[in-house]
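Participant: The feature domain 'G-protein coupled receptors family 1 profile' is assigned by TrEMBL to 47-296. If you look up TrEMBL, you'll see 98-126, 147-170, 206-228, 249-267, 279-298 marked as transmembrane segment.
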Amino acid sequence: KKTSSDVTSWNHSVVTYFQFLPFSSIPQIQGSLFCLVLFMYLSTLVGNILIITVTMVDAALHSPMYFFLKNLSFLEIGYTTSTIPKMLVNFLAKSKGISFLGCAIQMYAFCLLGITECCLLAAMAYDRYVAICHPLRYTTMMNWNKCFLLSAVSWLIGVLVALGQTTFIFTLPYCGPNRINHFFCDLPPLLKLACVDTYKNEITTYITAVLFIMVPFLLIVVTYIQILHTIFKMPSAGDKRKTFSTCSSHLVVVTLFYGSGIVTYLRPKAFYSSSSTKLLSLFYTLMSPMMNPLIYSLRNKEVKQALKRLIAKNINVT
């Protein structure tokens, strides 16, 4: 633990910037990593922009399910953009630094979008629950006012939680060292650099993670238990497959996002290592957002048909 004596030099050496350690200890592979991450990032942008475009222009996709999907794709674009461009710059730059204010802004954006996505995935699960378990009441239970409200509440929770967490972290004294063993400004590595005992901050961060990561996840689990119960009661095997296919894409996305997030932020310290944390963080900040458009386009007949109509329309125009 850090003691008050650790803060004696604070007024003399206040940290004004942070420096990221290289993603890999092998300099020869930095160029290859840059190309790989750049390709994945561009694929993420293209895929999610395509999903947003299709759900906006195709009238067949103007429903609550695709309203939430459009919001999710917008979130994924912001989520990756909050960390990956700076990571790409650091691959090539000699000085892999970020200002104190820039670090705070990056962490705020990342936390805001991450918490909002947790809540939005829970809202999407609720939409599937109503559609499958209460199909006759779907249009009244999931009207556009309800959709906008669920989306707005998700964003509001993200804004408030991110503001609290960022303020809590960046009002701590930082007097050195200033080297972050990560590729972006995340909570755990920043807490390690504070010049005071951060036990209370760690507890608060853990409680916040449980409330705003685990609670939405548990709501999703309960929702899918109800969905599966309804599906198993259907007499026809064909009806079971058809019904389950309407929520299978969302279930895969939830598994990818929450699986890596929970392992990263809620695992015991005994299993913590910087290298594994970097890889897990890269998975949920880049791999998961890149896979989402593929999952929804390959497993969803309506999206595939809308994509075909959009491509055919553009070909006819040209």
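Even glycines carry a Cβ here, placed using N, Cα and C.
Just so you know, TrEMBL annotations are computer predictions that nobody has curated.
Structural setting of the listed features?
Facilitator: The average per-residue pLDDT of the prediction over the domain 'G-protein coupled receptors family 1 profile' (47-296) is 89, rounded to a whole number.
Listed by sequence, the residues of this chain that lie at least six past the ends of the transmembrane segment (98-126) yet keep a Cβ under 8 A from its Cβ atoms are 15-20, 65, 68-69, 71-72, 75-76, 78-79, 82-83, 86, 150-151, 153-155, 157-159, 161-163, 165-166, 169-170, 174, 184-187, 190, 212-213, 216-217, 219-220, 223-224, 247, 250, 253-254, 257-258, 261, 285.
Within its own chain, the transmembrane segment (147-170) has Cβ neighbours under 8 Å at 64, 67-68, 71, 100, 103-104, 107-109, 111-117, 119-120, 123, 126-127, 187, 190-191, 201, 204-205, 208, 212, counting only residues six or more beyond its boundaries.
Within the chain carrying the transmembrane segment (206-228), a Cβ under 8 angstroms from the stretch's Cβ atoms is held by residues 115, 118-119, 121-122, 125-126, 128-129, 132-133, 157, 161, 164-165, 247, 251, 254, 258, 261-262, 265-266, all 6 or more beyond its ends.
Same-chain residues lying 6+ beyond the ends of the transmembrane segment (249-267) with a Cβ under 8 Å from its Cβ atoms: 72, 114, 117-118, 121, 124-125, 128, 187-188, 206, 209-210, 213-214, 217, 220, 224, 277, 280-281, 283-284, 287-288, 291-292, 295-296, 299-300.
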Participant: Looking only at residues six or more beyond either end of the transmembrane segment (279-298), which have a C-beta under 8 A from one in the stretch?
Facilitator: 37, 40-41, 43-44, 47-48, 50-51, 69, 72-73, 76-77, 79-80, 83-84, 110, 182-184, 186, 249, 252-253, 256-257, 260-261, 263-264, 304, 307
